[in-house]
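Copied over from TrEMBL:
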BINDING   A:Trp71, A:Tyr78, A:Arg79, A:Tyr80, A:Asp137, A:Arg163  substrate binding site
BINDING   A:Asn122, A:Arg123, A:Tyr124, A:Arg206, A:Ile207, A:Asn208, A:Ile209, A:Thr210, A:Leu211, A:Arg212  2-oxoglutarate binding site
BINDING   A:His133, A:Asp135, A:His189  Fe cation binding site
DOMAIN    A:115-215  domain 'Fe2OG dioxygenase'
Amino acid sequence: MTMDLFEDALPPPWHEQIAPGAVVLHGFVRDHGPELLAAVNSVVAQVPWRHMITPGGYRMSVAMSWCGNGWTSDNRGYRYSDRDTRTGKPWPPIPEILMALADEAAVQAGFGHYVPDSCLMNRYDPGSKLSLHQDKDENDFGAPIVSVSLGLPAVFQFGGLQRGDRARRVPLAHGDVVVWGGPSRLNYHGILPVKEGYHSLVGPHRINITLRKAL
DNA sequence: GAGTCGCT
DNA sequence: TAGG
């Protein structure tokens, strides 16, 4: 019954192609904020927001939580894990609504049905950013990345396969979903510093949810 | 030898 | 914004 939760969220057109294999589904989940936030909160209750340290020793401005396979960054580099190595317990499962969202967004973007195994959540407070980087620590580059924006708006940067490639700037609002894969799966991307503001549902934050196949 | 989701 |  979750199959068509999002398909008719808005009539077309929402598609904006920003590169070969990269699509913005504007407003795709605009009407599902409360349920999505509830899913985020249920995960955060089990995996509290944390600021990861980059291999270079710097604290990331973005706070992270996750479910499914989790992501770690430390002085040894980046990696995914299926469980919390400190407790030995698996990370919480990905909520059904997020699995449904990922599947429907991937279908809409032309990638076909999708079963991700990792869901990373980023909380951007005003001033938080994520500079240009690649998602390349996953095992399956055949699977797309599905990225959901909630709360405060932000400017998404979407570049090419080379770090120096000129990045396109794409404004993202609450409810937008970006899907990239295929030829652009390894493209550099990032988020410019989030401006202060207040969203009636989310408060003074931007929350980003990404779904991927990591292991 | 890369790195390099941050920094200058 | 390019790049060590």
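Each Cβ is built from the backbone N, Cα and C atoms, and glycine gets one as well.
Shown here: features listed in TrEMBL, placed on the structure.
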residue  : record                      : Cβ within 10 Å
A:Trp71  : substrate binding site      : 21
A:Tyr78  : substrate binding site      : 15
A:Arg79  : substrate binding site      : 14
A:Tyr80  : substrate binding site      : 19
A:Asn122 : 2-oxoglutarate binding site : 22
A:Tyr124 : 2-oxoglutarate binding site : 22
A:His133 : Fe cation binding site      : 12
A:His189 : Fe cation binding site      : 26
A:Ile207 : 2-oxoglutarate binding site : 26
A:Ile209 : 2-oxoglutarate binding site : 26
Cβ neighbour count within 10 Å of A:Arg163 (substrate binding site): 11
Least surrounded among the binding-site residues, given as A:Asp135, A:Asp137, when other CB atoms within 10 Å are counted: A:Asp137
Max CA-CA distance, Å, over listed substrate-binding residues A:Trp71, A:Tyr78, A:Arg79, A:Tyr80, A:Asp137, A:Arg163: 23
DSSP-derived structure type at A:Asp137 (substrate binding site), helix or strand or else coil: coil
Nearest of the binding-site residues (A:Tyr124, A:His189, A:Ile207, A:Ile209) to A:Arg163 (substrate binding site) - Cα to Cα: A:His189
A:Asp137 (substrate binding site) and A:Tyr124 (2-oxoglutarate binding site), Cα-Cα, nearest whole angstrom: 22
Three-state secondary structure, A:Arg163 (substrate binding site) (per DSSP): coil
Pairwise CA distance, A:Arg79 (substrate binding site) versus A:Ile207 (2-oxoglutarate binding site), rounded so that it is a whole Å: 22
Spatial separation of A:Trp71 (substrate binding site) from A:Ile209 (2-oxoglutarate binding site) - C-alpha basis, Å: 13
Cα proximity to A:Asn122 (2-oxoglutarate binding site), best match among binding-site residues A:Trp71, A:Tyr78, A:Tyr80, A:His133, A:Asp135: A:Trp71
